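Accompanying notes for the structure given below.
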Amino acid sequence: MHLHLLFLLALCGAGCMAAGPSYSLRGSWRVSNGNSSLELPATVPGYVHSALQQHGLIQDPYYRFNDLNYRWISLDNWTYSTEFKIPFNRSEWQKVKLIFDGVDTVAEILFNNVTIGKTDNMFTRYSFDVTNVVKDVNSLKLRFQSAVQYAECQSKAHTQYRVPPECPPVEQKGECHVNFIRKEQCSFSWDWGPSFPSQGIWKDVRIEAYNIAHLDHLTFLPLYDNTSQAWTIEIEASFDVVSTKPVGGQVTIAIPELKTQQANHIELQHGQRIVKLLVKIRKDVTVETWWPHGHGNQTGYNTTILFALDGGLKIEKAAKVYFRTVQLIEEPITGSPGLSFYFKINGLPIFLKGSNWIPADSFQDKVTSELLQLLLQSAVDANMNTLRVWGGGIYEQDEFYALCDELGIMVWQDFMFASALYPTEPGFLESVRKEVTYQVRRLKSHPSVIIWSGNNENEVALRVNWFHVNPRDLGTYINDYVTLYVKTIREIVLSEDRSRPFIASSPTNGVKTMTEGWISKDPYSTQYGDMHFYDYFSDCWDWKVFPKARLVSEYGYQSWPSFSTLQKVSRQEDWSYSSRFSLHRQHHGNGNNEMLHQVQLHFQLPQRRDPVRAFKDTIYLTQVMQAQCIKTETEFYLRSRSEIVNGEGHTMGALYWQLNDIWQAPSWASLEYGGKWKMLHYFAQRFFAPLLPVGFEDEGVFYVYGVSDLHKDYPTKLTVRLHRWSSQKPLCTFVSLSAVIKAGEAMVLFQMPVSKLLKRCKECTRDTCVVSFYLSTDNELFSPTNYHFLSSLKDAKGMVKANITVSISQKGDLFVFDLKSSTSAITPFVWLDVGSIPGRFSDNGFLMIKKELSVLFYPWKPTSKSELQQAFSVTSLTDLY
């Protein structure tokens, strides 16, 4: 445990009283189970599972079938306890508080054997007045109740009508009634994750002492007035005033870089008080705005605020303040029924390019700063500008949002309600009110957060009747829905934060949903709001199966993670596609067969007899399939941004499902557990590029669109080439010299009937040739090289097995992989792998159209040339047969 005294940033003079001491109770505690047969040290913040693993009482919970083997841990009731001395004289302070930033989840709290309160919500901060019970030496206990048992009890107590779903699908091997507890919803299992409803103190816990007044929270909300064309900052400070007399004083705000300093007089009455201040930014000073990644800088301004209060109390805080505006534009579109649905940042329409974020681990104490940095940097490295924090996980750590601010990642923030109906008893709603108020105040200062969304998929679940409720009861469930998301959550958001939009659900029809009583008649409409779309049976190479929607905030296909990732949590008997382990790890019903179905549409299944080799080959093919499917779908959304076809289009967002993994298993992720890039993530780096040529066929005609995320028009040259699979030398080249791609638009650059294309390249047929194309300026490559297959690759003719050799050299902190192919044929889907060595390549999963190629490797931890050489392997499609 550590003492943190909150010293002022400026030195106090005579008679000045510094803010009181803050004593962290982080560190070593004790944890014991219900019958005291187990007692062991436990680290706080932390979880029971982590303590048991750390002391050798259990294996890695993710190993093989341990999610089932260790179910007993979540069904037991655990107690955390500690003793501590306070390093200050308690008689000198008017108030002493015990503060928990996060308790997971249901616990009775005993301070010196006195029950001071209970917790039942993982997502809120708890503060307890211990002034009258604190001693020089103190004991603290948290008696947890099993979250599984609590949820079951709450469900049984709800006798009027069922609140489905009662239990998850059997494939998920999860627990029931998660909608009755304010806990990470996926901790009871999901279709990509295990069931580990653990118990623990998952965030900081501390003792705070103070006199006169205490600053509980402080927020900064920059607002732009279009009429005056000036910025103001709305500052909100929440105080706990312990003085029985009114407390006067002065607050001074300083932003040196903006030449802004302002002083205001304030007076605080006894009790919980909120002070709101407006700081006007000088109009003669240029304010640099915060921009999403790829659109500008993430400029922030160092700001200090000093509260000089009666009694000599001075409280000074420092923060970085960012200026940006966000608008959700829903307005009529020429040539289309319905309304637009897109975001303007600082007045500029922005196409949302990115993915969906889930918790990075079942145990948040394992999510380090380094891991968050790695995962979020990987999103930026793949040219993403948006992540949707999905509503079945957690409101992320402070550091997550700070990193998003710094990296320019826009955050679509769900509230934590997902794929379920929820109760609306007074106690439940009161807990939700505290949760939402706390989270909005915690997060609203972050420029990265651009929208609040009330829930994940609960509107569509009601309308389509996912849970088979009796139609006669639908009115009851709709009333509960409106009570929770509109009358409770929405009202709090509108009162706490007027700077960003709110939608009640995702997907939603936006204002159309509102006018239809919050449950839209057609939540799958392509002409309003956002959409979630999944189709595992239609041919994913056929772009016509995808919806030409306004914004697609979920879509995806599964794949298996790398063998090196699985190897850490399995053993040799598990290494086949049909093993018990493979079936156990797949939590999506029929998921393994769905992957093979998509693979077989365009590829032959592996033919090697070695079962482990066949397993590795199948893993590889699922990653190829996933990458190619999502490439096709994403490129369709990208090229639909500037057109209306049959009343549909103006697509302004593509957020595929999902970015990251919670454990080592088949899922929709592009980043494996721990951060290793799947093939999809390398593809995303290309298809989310700022300037991209997109090729496709329609009614026998081959088109190339130019898609731009740039802020100005660019004259470019489009080069289209046809190659035989058997030769890297292009047979034909078509060049368009006068292509001017307009800023922020998608436009046709090239079109030609495929029959004419093949006729002009006389030695080409659909089966023997492939098309590549790229944009350039003055012989400089200006876009990724893209490609279009003229046939399924299982029908392709002329492919030759390639023996690709590598020479590795070190260049500073990087490594250069010089690749050389033994054949002059084109090699599809070349996959470079260095096993478990952390890092990523500059490119991967590519078509090798040159005999020699250099690729960079960026290590995430120190490594050596010899380690890389030993771990290196290369796989291509031709190696499988």
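Each Cβ is built from the backbone N, Cα and C atoms, and glycine gets one as well.
Taken verbatim from Swiss-Prot:
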type	residues	note
ACT_SITE	Glu554	active site, nucleophile
BINDING	Trp190, Asp191, Trp192, Asn456	substrate binding site
DISULFID	Cys167-Cys176	disulfide bond
DISULFID	Cys540-Cys629	disulfide bond
DISULFID	Cys732-Cys761	disulfide bond
DISULFID	Cys764-Cys769	disulfide bond
CARBOHYD	Asn35	N-linked glycosylation site
CARBOHYD	Asn77	N-linked glycosylation site
CARBOHYD	Asn89	N-linked glycosylation site
CARBOHYD	Asn113	N-linked glycosylation site
CARBOHYD	Asn226	N-linked glycosylation site
CARBOHYD	Asn297	N-linked glycosylation site
CARBOHYD	Asn302	N-linked glycosylation site
CARBOHYD	Asn803	N-linked glycosylation site
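Positions of Swiss-Prot features highlighted on the structure.
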residue : record                      : DSSP (3 states)
Cys167  : disulfide bond              : coil
Cys176  : disulfide bond              : coil
Trp192  : substrate binding site      : coil
Asn297  : N-linked glycosylation site : coil
Asn302  : N-linked glycosylation site : strand
Asn456  : substrate binding site      : strand
Cys629  : disulfide bond              : helix
Cys761  : disulfide bond              : coil
Cys769  : disulfide bond              : strand
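Asn113 (N-linked glycosylation site) is surrounded by 8 other CB atoms, counting those within 10 A of its CB over all protein chains shown.
Nearest Cα neighbour of Cys629 (disulfide bond) among the listed recorded positions (Asn35, Asn77, Trp190, Cys732): Trp190.
Cα-Cα distance from Cys176 (disulfide bond) to Cys769 (disulfide bond): 53 Å (rounded to the nearest whole number).
Excluding the listed site residues Trp190, Asp191, Trp192, Asn456, the same chain places Cys186, Gly193, Ile358, Gly392, Ala418, Ser419 with Cβ atoms within 8 Å of the centre of the substrate site Cβ atoms.
Around the Cβ of Asn77 (N-linked glycosylation site), the same chain contributes Asn33, Gly34, Arg143, Phe144, Gln145, Ser146, Gln149, each under 8 angstroms and 6 or more positions distant in sequence. Cα spacing between Glu554 (active site, nucleophile) and Asn302 (N-linked glycosylation site): 36 Å, rounded to the nearest whole number. A gap of 11 Å separates the Cα atoms of Trp190 (substrate binding site) and Cys167 (disulfide bond).
Here the CA atom of Asn456 (substrate binding site) lies 50 Å from the CA atom of Cys761 (disulfide bond). For the binding site of substrate, formed by Trp190, Asp191, Trp192, Asn456 according to the record, the largest Cα to Cα distance is 16 Å, rounded to a whole number. Around the Cβ of Trp192 (substrate binding site), a 10 Å sphere holds 23 further Cβ atoms from the protein chains shown. The two recorded residues, Trp192 (substrate binding site) and Cys167 (disulfide bond), have Cα atoms 16 Å apart. According to DSSP, Cys540 (disulfide bond) sits in a coil region rather than a helix or strand.
Within 10 Å of the C-beta of Asn302 (N-linked glycosylation site) we count 13 further C-beta atoms, all protein chains included.
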